[in-house]
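Q: Just lifted these from TrEMBL, have a look:
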DOMAIN    118-190  domain 'Glycosyltransferase RgtA/B/C/D-like'
TRANSMEM  13-35  transmembrane segment
TRANSMEM  116-137  transmembrane segment
TRANSMEM  144-164  transmembrane segment
TRANSMEM  233-257  transmembrane segment
TRANSMEM  277-295  transmembrane segment
TRANSMEM  352-374  transmembrane segment
TRANSMEM  386-404  transmembrane segment
TRANSMEM  411-430  transmembrane segment
TRANSMEM  450-469  transmembrane segment
Amino acid sequence: MTINRQKSARNKALHWGNIVILVVLLMTLAGGAYLRLVGVNWDENQHMHPDERFLSLVQSAISPVNKASEYFNTETSSLNPANRGHTFFVYGTLPIFIVRYIGEALGKTDYHAITIVGRHVSAIFDVLTILLVFAIGKKLYNRWVGLLGAVFYAAAVLPIQLSHYMTVDTITNTFTFMAIYAGVWALKRQPVLERKHPIGADYQSEVNASDDADREEVSSGSFGILIKDLAPYILFGITLGAATASKINAVVVAMVLPLVEAIRYFNMDPVERDREILPIIRNLALAAVLSFVVFRIGQPYAFNGPGFFNFGINENWWLSIQNLRSQASGQVDFPPALQWARRPITFSWENMAAWGLGWPLGILASLAFLGMGWTILRKRDWTTHLPLWVFTGLYFAWQSFSWVRSMRYQVLIYPSLAIIAGWGLVELISVKKSIKLGSLRIKPKILRTAALILTILILVSTASWAFAFSRIYTRPHTRVAASRWIYQNIPGALTLELETEAGDFQQPLPYRAGDIFSPGESFRMPFYAAADGSLHSLSFPHILDQSQIPEQKTLLLTVVSADAPEEVLGSARIQDGFGATESDWRGASYEFVLDRPITLSEGNLYYFSLDELEGAATFLLNGSPSMIIVSLDGQTIKSPLPRIQQGVRKDNPYTMNVQLVQDGQITAVTTPYLVDQSEKTAEKTLNLSLTLVDQGGVSRSSLLQSAFEPGDDSRGKAYTFELDQPLDVKAGQTLTVALTTDEEGVRLVPQAPAPVHESSWDDAVPYPVDGFSPYSESGGIYRGDLNFEMYWADDQLKLERFETNLDLADYIFITSSRQWGTTTRVPERYLLTTAYYRNLLGCPQEEDVEWCYSVAEPGMFEGT
């Protein structure tokens, strides 16, 4: 009776324990899903992740096939990225097929929509990985290890981050750990026939001794028994193939099954080994064949096709993989490789522990891994530990010693590290022996209490780190926030000033690049001499005859001083057709070499003028002209001028339609730079009108009267058009903005501010958020053609580029650490660039430039 009561009490405790486990697991899955799905459109459709951006382009370009023969036809398949212009494609195709077909089902396949679909898919797959971590931990050890591992993985920051990207990483992880689960299943199970006739008994004797009914049962169910025996190997083969078809480096998980079978084999007695060697070979062969078949289906364009059984390797795919391998090994010299220069072998672990897992969990997982290794050496449960430990250790070492030591490349072992961390804590909590430290003996109860407290602290700190990290998805991305700040603080060539319920708001307007001059007109432009010396030539990036007259035309360039405009200081002429080129519709570049050097005085104002001699053509000028000046000390200086933008002339008004982005009242329109390029010093009038097209033509107007001469800047001065009365507007309305003048011979030009960017390898800010279009070859809000190109070789041309950009730019936009955090790692190669960054910030000579930028705060350093 007493035994029955004890058994009943144990069953009841087990029942409630299972309920607790289930509830906590469901909470873990829900919490993990929340952390992975919160703020899924975190970049507001700006596509800031470069890998994801590329995959979005691919996803929106490919399309489903109608039949299997089309699917395997590498040369013609509409699902093959190479057939849609993306010939260098090194990602697995299975994830993009999954996302594309889900997008088809939902009717969301455009560039923006497919990205959001893909992010949801990434998050859902990673939630499945949380469940797999629990299942593996439970099957390999016990339910508490599985539960702790699931909680740790659910709160791991790197998987949370990767779940917010439409990339292949989380999908690869899910298939990889399905394969590992299958390996654990194979390790922990007994074959069905062995369960019926236990290992250790003579199998033949057992069969002979069984009754006729038993033999009949075994015979009739032999196929089902075989399938049950093969189930782990079938699952392993399918999921290994799927993982490799998602990301090629997942093929390393193939090591797990042979290791499992080796452990099983050496755990058998000699009689069992003889009997099981053929089934083991069969199981491994079955898994290998299935993995190849699934890889053939999931990554069809790794093969030549056109049919399923055409197994020849696609040369383009193989070359792409080899190129990727070269890039990842540091053999290819290109900008992304610079970030790995001089990285220690501990770099991957440091980032994984500090950021990917958080220090508490990172240190715990590392110590638990070492502890498990010690347990294996002591041959305690080594057969249970070995497959997961070997896979984790070898993969970690591989990625740590690679040239690219990114913690993202370690994501394949994050689930196994979570399981190992869970195992480590459970081992501490369940310790039964005292530990002796010198003369101090710590009792098991004290150890268990300390382990329980440690578990709570690690769980709370890891969950807190995950929650804190997830807050970045609940607020505007820093680049989006920076973009909005720029729009509100840096004006365009014209800017609408609004009063709104939330306060003042400005809407900078785009302005057209380039300007024309017609027959009988001159194109003039003011400039200040950059140095004392002699002017030898003046170049134009693009000159185009818009009238397309086939005859040769002659353009005359003259230069005069603002103090004596009637005296020509020098001239040059070019005769050409001035047509478009094959590479640029805007026409070719031309250099006007002056008939004699012109003496310039630094800071003095001059004008150049372009005129057509005896012609009837209309010319379009584009780009930023530049001058070659030889200074008094013999130095050749390339002096750039402002970009040519459309001017306002009599009978040639400037008109544009813009869509309003904010409700409010327009009270004024401002311009940061406005100049009359005609040399005329008399006062002129410039008229502004604003008309709401969809509100019956409601309009407001204003005018400016000034000489509009160059000030300290050849682009002119700032002016404000005060409206006669405010104009009530709503977001979405179309506003016509018109600038006109009745003055003969003037050319009134508003100019936009000019930021300079660091590299074409980095995204430029501001982004086109809230309906703004910041940059365009034909206009845009800001000038967008200035770029330092920091990754280019440090030579004389780059020095000139620096000087030109610094002369022309109003602002320097630094959007990330990609440039100052990489080029300065190799100062022997980027001596000029390193000196630029050091002096820009004022970083002391004794300090590392990267350190200065990483800790800099306003007022901390003083630039030079």
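Glycine is treated like the rest: Cβ placed from N, Cα and C.
In TrEMBL, annotation is done automatically, which means it is predicted and not curated.
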Q: With pairs fewer than 6 apart in sequence excluded, do the transmembrane segment (13-35) and the transmembrane segment (411-430) have three or more C-beta pairs that lie under 8 Å?
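A: Counting Cβ pairs under 8 Å, fewer than 3, so no.
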Q: Is it the case that the transmembrane segment (450-469) and the transmembrane segment (277-295) touch, counting contact as three or more CB pairs under 8 Å in which the residues of each pair are 6 or more positions apart?
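A: Since fewer than 3 Cβ pairs under 8 Å link them, the transmembrane segment (450-469) and the transmembrane segment (277-295) do not come into contact.
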Q: Go through 116-137, 233-257, 277-295, 386-404 and flag the stretch with the largest number of C-beta pairs under 8 Å relative to the transmembrane segment (352-374).
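A: Most Cβ pairs under 8 Å with the transmembrane segment (352-374) come from 386-404.
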Q: Please determine whether the transmembrane segment (13-35) and the transmembrane segment (144-164) are in contact (criterion: at least three Cβ-Cβ distances under 8 Å, sequence separation 6 or more).
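A: The answer is yes, given that the two segments have at least 3 Cβ pairs within the 8 Å cut-off.
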Q: Using a Cβ cut-off of under 8 Å, list the residues of the same chain at least 6 residues beyond the transmembrane segment (144-164) that approach it.
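A: Same-chain contacts beyond the ends: 21, 24-25, 28-29, 31-32, 35-37, 39-40, 42, 119, 122-123, 126, 129-131, 133-138, 170, 173, 352, 355-358, 361, 365, 407-408, 411, 414-415, 418-423, 425-426, 455, 459, 462-463, 465-466, 469-470, 473.
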Q: Below 8 angstroms Cβ to Cβ, which residues of this chain, lying six or more residues outside the transmembrane segment (233-257), approach it?
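A: Long-range Cβ neighbours of the transmembrane segment (233-257): 90-95, 168-169, 171-172, 175-176, 178-183, 185-186, 283-284, 286-299, 321, 387, 390-391, 394-395, 398, 409, 412.
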Q: Please average pLDDT over the domain 'Glycosyltransferase RgtA/B/C/D-like' (118-190) for the predicted structure.
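A: Taking every residue of the domain 'Glycosyltransferase RgtA/B/C/D-like' (118-190) together, the mean pLDDT is 98.
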Q: Let's see if you can do this one: DSSP helix, strand and coil counts over the domain 'Glycosyltransferase RgtA/B/C/D-like' (118-190), in that order.
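A: Per-class counts: 62 helix, 0 strand, 11 coil.
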